[in-house]
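Encoded as structure tokens, the structure appears first; notes follow it.
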Amino acid sequence: MTRRRHGRRLASLAAVLAIFTAIFASNVPTPLYAVWQVHWEFTSTALTAVFAVYVVGVIAMLPTIGALSDVAGRREVLVPGLLCIAAAGVVFAVATNIYWLGAGRLLTGVGTGIVTGTATAALVELDPDNNWVRAAAISALTFTAGATAGPLFSSALLHLGLWPLVTPFVVVGLLALTTAVLLVSVRWPRRIGRRRPDFRLRDWRPTRLSVPRPILGSFLFAGAAMCLSWSAGSLYASLGPSLATELVAIDNRALAGLYAAAFQLVAGIGQFTARRQEPRQTLLFGPVLLAAGMTICVTGIVLISPLIFAVGTVTTAFGAGVTAIGAVATVSREAPADRRGEIVSSFYVLAYLTMASVVLGVGSASDWIGLRQTMVGLGGLTLLAAGMVIAVGLRSGRVGVRRPAQPAADRNNSRQPEA
């Protein structure tokens, strides 16, 4: 029994390391985009296109990998995903132009799309009590740790001058390979995430993405809220350091990279804080905080104040985290159990597509009218979008300060448990 428990713990550790490695690799380039842009003299549109290529890789995997790992085995799917991330690290480390960066981001997206969902499913199965809430909390904390550690690490290397365009990606490759070796060598519990004996790759088909009509309204509302949240996050992940250096007069690129790390950390704190709240409350307060934060950010940009911009960044991040947790909870709750994976995958495809579109739009607009004017315009659009989400939510009864009134019959049933 002790050996079996020890094996589960090691397997769980390997799954956690896989998630951390994928998210760390996805975020470690953030403070370096502006450095590459100066070295190779490419436009903001090209910079955001490099960031958006990552989305192509993730979306290509979302409809396929979840169902594939159910039958091919969790470990058998995780190891190739980690090898993709290791290969991405090599591509970034030897990059000599923007096309290498695009290839590295694409490989990172493919690897992340493979690893994150599969490793999260493995965590649920490896939990001794099959406690999906605990497994989801561990996964969310690991996401936050990886998303924060990535920009922090590359910012520190920028500050210290320790080959910042090479060292982070050597570490990414080593992390990915070490985790893959751990996955292969660890004793995986029987009957948990194993390859099915009757599995044949030629007979397997990707998951079909669709949304049942009865929950389409809730799906679109939660999707709009999620897109609002992720749009803010993608802005900081792609252009956060550029905003700090070009718009609020922060000359130190290492310090500018901390804005991206702070956003990820505070967004994770927001999700953790709001995890027990009703979605109808988080989807009201989250967009309000996000809109207020963007307004403060724009004020900091207009006044060229790093302090005001920092306050706005923290407020926006907290609002984005609260909004995201409410949106995910809404979709997960409304989706029928037998189609939840398909619907949640569709939900994330929508969010990723919006994220890429917003980033590309901001990059193109900044080349056309300037980054400062673009950010002022984006602040106005964010206020409008948040206002529409709140208005639609209030009108439809999907958001509110109080919980919805419970019908009398339901109240009686809740007091009188069935015999």
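Backbone N, Cα and C atoms are what each Cβ position is placed from, and that goes for glycine too.
Predicted, not measured: the structure shown is a model, and the values here were computed from it.
TrEMBL assigns the feature transmembrane segment to one of the listed ranges (11-29, 106-124), namely 106-124. Tertiary proximity for the transmembrane segment (283-304) is limited to same-chain residues at least six positions away from its ends with a CB under 8 Å from its CB atoms, namely 221-222, 225, 228-229, 232, 243, 247-249, 270, 274, 310-327, 330, 372, 375-376, 378-379, 382-383, 386-387, 389-390, 393-394, 398-401. Long-range contacts of the transmembrane segment (343-363) within the same chain: residues 43-49, 51-52, 55-56, 58-59, 62-63, 66, 207, 209-212, 215, 219, 222-223, 226-227, 230-231, 233-235, 238-239, 328, 331-332, 335-336, 374, 378, each at least 6 residues beyond the stretch ends and with a Cβ under 8 Å from a Cβ of the stretch. Summarised as a single figure, the pLDDT of the domain 'Major facilitator superfamily (MFS) profile' (11-419) averages 86. The transmembrane segment (215-236) makes contact with the transmembrane segment (375-394): 3 or more of their CB pairs lie within 8 A, with pairs spaced 6 or more apart in sequence. Outside the transmembrane segment (375-394) by six or more residues, the chain places 221, 224-225, 228, 231-232, 235, 243, 247, 280, 283-284, 287-288, 290-291, 294-295, 297-298, 301-302, 362, 365, 400 with a CB less than 8 A from a CB of the stretch.
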